[in-house]
Structure formats: C-alpha cells, structure tokens
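Q: Here it is: the structure, laid out below.
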C-alpha cells in the first residue's frame, strides 16, 4: 500500500529533493575545490584559477609537503598519539563500564555520581594546566594522552553496552566457579568487540583532529602532532622555508604557499576520509547508544 | 549468647572476606577510571581555589595568601568585561538559534526520501564534514575568504571590491556560525533520522487515508516523535551556552576582528597561559563555569515546564 500524494505533496517532495541536493553540493564543492586545487600547477592556479585541464595539473604541492620534515614528523606523532590515546581510553572505559554494569559492585551509585559530576563541573583550564605541570608531565607525550583518557560518555556508553549483554553465559561461568577475572577475560571480552570498535574509532578521530592539548602542553616542536604543524602552515602562514630552495625564497614562497596549503589539507585529512565510508555505520552506532543513555 | 554473637561476627566477617575474594576483580577494573577521574578531574576542581588566592609560584597554590573575591571583582570591573561577556553570549546564542533547527529540518527532509540507496548516499556526504579537523576548517575559511581567494574573486567580479572577511569584526560571528553549521548540522541530524525511521509506517498510511497531507503528517506524526529528543538536545545546547569551545574561535582570531572574536575561553587562555596571570585567569574561568551550571539548571527547568515533564533529569 503506497501513500497517495496530492499535487501539493508532490511539489513539496520535488522541492525537498532539490534542497537536499543543494545541501550536498554546499558540503561537497568546497572539499572538491581543495582537492582539485591541490593537484594544480602553482602558476596555473595563481593565473587562471581552478581548471580541469590535465596540462594545468602537477604534483608539485604534494612533493613540497611530503618533503617537509615537520609535516612527516607531525604525521608520525599524530599516529602515535591517536593510537596510544585510543588504546588507553578504550581499556579504561571498557573496564569501568563492565564493572559498573555488574550489580555485585558495591558503591555503584557513588562511583556513577563521581563520574557524572565531572560532566557538569570542571576545574577549568588553568588549574588543569597547573596540575599537569606539577605532575611533571609538561613537554612529555603523556600530557596529551593521559588527562583526557577518562571520559564519562565512554564509560556510560560501555556500561549501557554491557547491560545489554546476555547474562546466561556469565551465570554459567559463575556456577562453574570461574573467577571474576576469568569471566571477564574469557566470556566478556570476546563479546565486546562492537563497543571496543566504536570507542576506539571515536577516540582515534578525536585525537587525530585535536590541537589544543598539544598546543598548551608541548613546547618542543619535535613532539608536535600533525594538527599543530597544519596550524602553522594554514593559519599562521608559516610555510616552512625548508620546503623551498634558498635562493628564490621570497618569490618562490609566494608562488607555492597556496598550493602547499591545499596539499597539506588533503594529506592530513586523507586517513579519516579513507576510513570514514567504511566505518560510517559504527560512528552512527556510537551516537545512538549515547543518546539512549 | 556471647559465643553466638562472636560466631555471627566471624560469619559476617567471613562473608565480607568471601565477597572480596570473589569480586575484588570488579574493583580492579574500575580503579584506573576512578584514579584518573580523581586526579585529572577532581584535582583541578580542588586547584580552582587558586581563583581566590594571590598566587605566588614560590608559595604554591595552597601556600599563597587568600584574597577572597578580589580576582572576580577585578574581572567584573575591568573595562573588558562587558565586551567579552557579551561576545561569548552572542556567539553561543545566535549559534544555538541558527544551529538547533537545521539538523531537525535536515532529518525531516531526509525522512521523506523513500529510495534507501539515495538516502544513504546523501547522508554519507552530509555527515562527512564532521570528520574534518577544526584546524583544517578554519584553514579553509582563511583560504576561501582571503582577499585574493575564490569567494572574493567572485565578489570582485560583481562589485569590484574584495571584502575583508577575516579582519572585519562584523563578519566574525556569521562566519563562525555558518561554518559550524557546515561542519556539524549533518552529523547532528543522525539521532533525529534514527528516531523518525522507527515511526510505524502504518501511522502514515492511516493518516494518509484519512486525507492528511504531507505537511500535516509531518506536524502530527513526525514532530511529536522527535520532540523528546529535541528537548534534550536543546537543554544540553542551551545549558552549554557559556562553555562555547575555545578551539575554533582562537584559530579564527586576527588582530583586527578581536572586538567581536574575543570570548571568555580565549581570554582565559591569553591572560593565564600567555601572560602567566594564573589566579585572575582561573577566576574568569570559574566565573564562566558557574554561570554555565546555573544556565543548565534554569533551561532544564523551563523546558520541563513547557514540555510536560520531558526534561533532562
């Protein structure tokens, strides 16, 4: 049985299609512009703007950006921060979430309250900074990885997940006299792949895209993640002179800076752009579980 | 009698011991999260007393002298206060007013696309900007809106004059909010889309048979379905109005647009970490958090009243 549409309804549905197409174009055009511009010959881009002629294209921007040591190091650092942060966050939240989902944990209410309060109150930027400083974490990789590793949403998310896990298996293991540790390792963990995956994806993306903690905690440029390197290139306009041969520095810099920016955007966004279509449904899952609380 | 009591005590002692022997592992599991929370969330809350002190690095936070509300008074009476406070409020408020309805509209519209493949593809594109980093988004803004960028290229063709988007204070808010919508509106529509997908199609069929047109069905079936979610999203957004993110505003700041782009979080960062006035800066931050919590409670109360009990708590 199909819904019968009046003439007005049909007109509205056509308008609906047009609006959504426009919305998609608004999202896609800027991104496409960046990708095409990054592939252009710098002089052609400056003189003629975007063009789809292959003769106007070159990989010069990519060559420059990929020969920039700061960029490469930033990329490596970002991978390190994102991976280690994800591992830590997932371990902490899955363990806590499982523990909180078990009714035999005494003081559950108190623990939950302790966690939830931190959603609404925080000490603020300065006290947090001073704490990290006093703990001697300033200018170490730990400053980026540890303070943000515990996250109430993740704990609630995994608690909700474990509450939905069928209890029969656990009960059976319990009757067999298996210890809590064995139940967790052998029964619960193998079942928790979906939640581990969702949490890890979120943590990875969040850490990959963030610059703030690194900016305030890390002075040493060799520790900087990709986003801080990008910031100096894209926003502070410091296209590294190392990328440009010394002699023609100024003129060359002017000619190349734009193309280098475009290429830098593409290179830095590539891992997530490639990941995204495959993992879209997991990301959506994360939003949904979170909204159920 | 005494022996019995002793026995009972021993028994209960055994039970406790037994409980711990069996279930100690649950506490080991929760320990890392608890310790990290106590150190990195509660530690700074305790450290926030610095806002009430005349901080001296030699004496440390706890050893410094109390100055009561001096730092707060200093902020409230400073000539910057009005401007920064209003900038923060306006940026968030307009952001909420414009940013709240758009995901709902998108979801209602997506819900009308019956072709599943087409719907999935549209969603794939609309969600994508959520995964672009704030540095890249602001970097793109600077490139696209620069006096020689593509947008100004078009503008100069028409008016002959480029517009200085990033250095004129009057454009800051518009650019900030529109680019926020560009980045986040698609992603924010997900929960509404999912809720709408759960509506029983029979409802729509029945309404259709009764002669309800498209708009009437949206109004009487779709909107009531997502109303509880709208309430929660609105409360959280409105309650967070003063906790607007530092990251994007800071990146978008230029020396020229500061009259509108300086907000409390960027101000806290500058006076605190760049100029080293920790106590004063912490006071400003604390002032902000307190307003935030008050807002959350107030908005929750109002929405609950208007919404027949569908509040956050």
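Glycine residues also receive a Cβ, built from the backbone N, Cα and C atoms like all the rest.
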Q: Any idea which of B:174-195, B:196-217 is down as transmembrane segment in TrEMBL?
A: B:174-195
Q: According to TrEMBL, which of these ranges is transmembrane segment: B:51-70, B:71-90, B:91-110?
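A: The range carrying the transmembrane segment annotation in TrEMBL is B:91-110.
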Q: If you check TrEMBL, which stretch out of B:226-246, B:247-267 is marked transmembrane segment?
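A: Of the candidate stretches, TrEMBL labels B:226-246 as transmembrane segment.
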Q: Write down the single range among B:148-173, B:278-303 that appears in TrEMBL as transmembrane segment.
A: B:278-303
Q: If I count Cβ-Cβ pairs under 8 A between the transmembrane segment (B:226-246) and each of B:91-110, B:122-145, B:174-195, which range comes out on top?
A: B:91-110
Q: Among the recorded stretches B:24-43, B:122-145, B:174-195, B:278-303, which has the greatest number of Cβ pairs closer than 8 Å to the transmembrane segment (B:91-110)?
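A: Against the transmembrane segment (B:91-110), the leading stretch is B:174-195.
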Q: State the residues, same chain only, that lie 6 or more residues beyond the ends of the transmembrane segment (B:174-195) and have a CB under 8 A from a CB inside it; answer 'none' if no residue qualifies.
A: 91, 94-95, 98-99, 102-104, 106-108, 110-111, 123, 125-130, 132, 137-138, 141, 145, 165-166, 225-226, 229-230, 233, 248-249, 252, 261
Q: Quick test of the contact rule: Cβ under 8 Å, at least six residues beyond the ends. What residues does that give for the transmembrane segment (B:122-145)?
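A: Tertiary neighbours of the transmembrane segment (B:122-145) are 106, 110, 113, 151-152, 165-166, 175, 179, 182-187, 189-190, 193, 247-248, 251-252.
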